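Look at Swiss-Prot and you will find 75-82, 139-143, 193-196 tagged as GTP binding site, backed by sequence analysis. Sequence annotations record features per position, and here Swiss-Prot assigns domain 'tr-type G' to 66-246. Sequence annotations record features per position, and here Swiss-Prot assigns transit peptide to 1-43 based on sequence analysis.
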C-alpha cells in the first residue's frame, strides 16, 4: 500500500505535457513502431531527426549541384598529401589553423608511421567570387598496397591534384596513381610541393611531369604545404578546372556504398555517394546486392568528423547509419547500390568496384587459445573497414585454431597486424608471408593453393601434377642513374627478367623488371632501399602466372612435422632457409631427457639438421675408478633407457618457442 501511494506521488509530481506535443515526430508516431525495435531506439531516432537546421546546413542547401566539386590528391608516399589537406581545411575554415597535424589520418598506425592507410573524406565550403562552393576532398593513400583504396576514391571524384615533391620529382607510385586517375577520366591539376626546401628543383619536377605524363604544366601551382605558401591559389584552380558532378535531386534515390567502418555505439557506419535523389533520416532503403531493407537512423557529412544533417542530396558524399543497424558486418558490401523501397524497378544499379585479389597470405593464431573468439570479433570489425582482406578459419596441431588471412602486400599485412594490436588489444602469432601457387593437375583441372597444408605431397607431385606455377609482377623502379648497376644485380639475384630501361631525365632511371611475387614479399623493398641509399621507389602490378620448381619446406622435430611453420617456396630458396630454420628453432627448444632432432626437409629429403643434446645423469658418480666392467654396464643401461624414452617420448614445445621463432 505504501509503495502504491509513493508511486502516485511520483506520477502526480511529473511535469505535464500536452498530448499534442507527442505527435510532432517528423515521420509520424503511428509508423514509428515499424522503424524501431524498442522505445529507446524510437526516442533516439526522434532526437536525431528533430535537430534544428544549423547555419552550416542552410549554407549547403543554398548551393546548387553545379557548384559542387569532388576531388582527391594523387601522389607518391610522403610527398605531402595529408599536410596539404590540412592547409586546405584551414583555408576554408573547416578546422582552426594552428596545431593541426594530419587531421584526416585518423588511425593510430597512420600517425605512427606517417603514412595514409585509409582514404579519408571531408566536406568544405569555399567562397569564390561571392558564391559558395561545396568542395569534397578525399585524402588517398600513396602506397601500392592500398591501390584498392585509391581506385575506390576516384569513383567519388571528378578531378585530382597531381602532387609531386620538388626535391624528389616523379616517383614510381606517382606514375601508377596517375594512370589510375587517367583511366577514370579525372581532370588533373599539376601541383609541385615542398618548393621551400633547399634541395627543391621545381623546374626539374615540372619537366618530368611534362615528359612522363604529357601534361600541360603552364598552369601548375607551386606550393609549400608545410608553410602554406601559395596554397590559396589551389582552390580557385579546383573551382575553375574540375567539373561538377552529374546528378538530379528529383530522380529516385541512387546511392553507392564507397566505404564502411564500425562504431561501438552506432554499429556499421557507411560512407556513400549520392548519384541521384536525396536521403533523409527515417526513410527506408534497399540494397541491390543483398535485397535487405533498412531504416536510415542518421545522415550527415564529414566536416571533418561526422556532422549530422537533415538531408544529403545528389552529388554529395556523406555518411549514414541504419536504425536498427546491420545485423552482420558482411551486409555492407563495398560498391553496392541502394535505393528507396519501391524504386527498385526505376533505378539501374551502379557498376560497383572490381574486387582486389589478395596476393600475400599469413596465418594468425591467438597467443592464448581462450582468446580465439575475441580475435575473431576483432578481425571481423577491421575487415568491415578493409574489404580487400580475405579470411578463412584454419587449425594447427602446434598452435590450435586460427585464421588464414590474405592481403594485397606486405605493408598491408603489417598495418593490419598493428591495428589488431593497437585498436583491439589482440595478442597474436603471425606466420611469415607467403604467396599463392597454381597447381595444374594431369586431368586439366587448376587449383589455387594459399596454405601449405593443402600443398600436394611428393607422390602426388610426381604422378598427378602436370605443372606448378607461381605469380609474377611487373615492377617499376625509379632511382638515380649512379645506382643502376646495383639495382640490376639485385633484380637478377631475385630471379628477375628485365623488360625496359629508360631515362626520364639525365640522371633519373625508370627500370621495369618482371619479378616473382615470392621474391618481392621477401623484403625486396628493404634490399632495394639498402642498395640505393634510400633513393629508389618501387611500384608493381600483376603480370602473369609462370611455371617454377615449387616445393614445400617442412620443419620436423623428432621426425614429426610442425605444420604451423611449413612454407611453399621456390627450390632456389630452400638451402638458405632450411639452415636458418634449424639454427633458429634450436635456440628456442628446451632440452629434454632425450635427444631432440630438428630437421628441415623437402618431402623425404633432409636439407639441414640440428640436435638438442639431452640432460645426462652422472651414473658413474658412486663408482670406484678401477671398476671398468661395472662402468660399462651402467653406461649401456643408460643408453638403452634413453633409446626407449626417445621411442615413446613426445617433445613438449612451449607456445613461446613458436612465438619467438616466428618473430621477425
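Cβ atoms are placed via backbone N, Cα and C, with glycine included.
Just so it is clear, the model here is predicted, and its values are computed rather than measured.
Between the binding-site residues 75, 78, 140, the minimum number of other C-beta atoms within 10 Å of a residue's C-beta occurs at 78.
Taken together, the residues of the domain 'tr-type G' (66-246) have an average pLDDT of 81.
Cβ-based neighbour count (10 Å, all protein chains) for residue 81 (GTP binding site) stands at 26.
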